[in-house]
Amino acid sequence: MFSMKKMMRSLAAVAALSAATAAHAADGYFDSSSVEVGGGEHVQVVRLAVQKDWNKSWLPTSGYHLNGYWDANVAYWRANQWLDQQGNTKDLAVVGITPVFRWEADNKLGFYADAGIGAAVFSSVYRNTHRQLSTAFEFADHVGVGYVFANKWELGARLQHYSNGGIKKPNGGVNLLLLKAAYHY
């Protein structure tokens, strides 16, 4: 699990990201920033991201529509069974960008569902437990649900899958469950 020192570093990074994105939000670069925490089989993840809304209204129906946004992210992964050895750990950094489609209310508040397929680059080829990805480049796809509150805060959950799409074998894939908190500027 995460140590207190690493958790404090993560919280400091979130605070720095929030301050930086708030400054850029005024310039129109970003609309929101988020932090996600979670994990999968023998791996824990902290993910920081900024988003840029497309401000589209496709397929309007009964107060809802399809919209989208860009999600640029960096993540810290802690693998706990590196090279299939119990207790052998490895820290990885992951950088990614994902176009995301979101089914949301016309006023952008309340419940939503979203899905996206993007690209990610790992600092090292992932070889944890029996999961091997064999390339540093991976596709990152997800489905998620959540709720946007009137005070501009958002809470959500997503299932995230990383895979190289069969570019090279082995391609075991990595599945994560992530909890998300975001703030819309």
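Glycine is no exception: its Cβ is also placed from the backbone N, Cα and C atoms.
TrEMBL does not curate its annotations; it predicts them automatically.
According to TrEMBL, the protein carries these features:
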- 1-25: signal peptide (SIGNAL)
- N164: site 'Critical for activity' (SITE)
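Taking the Cβ of N164 (site 'Critical for activity') as centre and 10 Å as the limit, one finds 20 other Cβ atoms among all the protein chains shown. N164 (site 'Critical for activity') falls outside any helix or strand according to DSSP and counts as coil.
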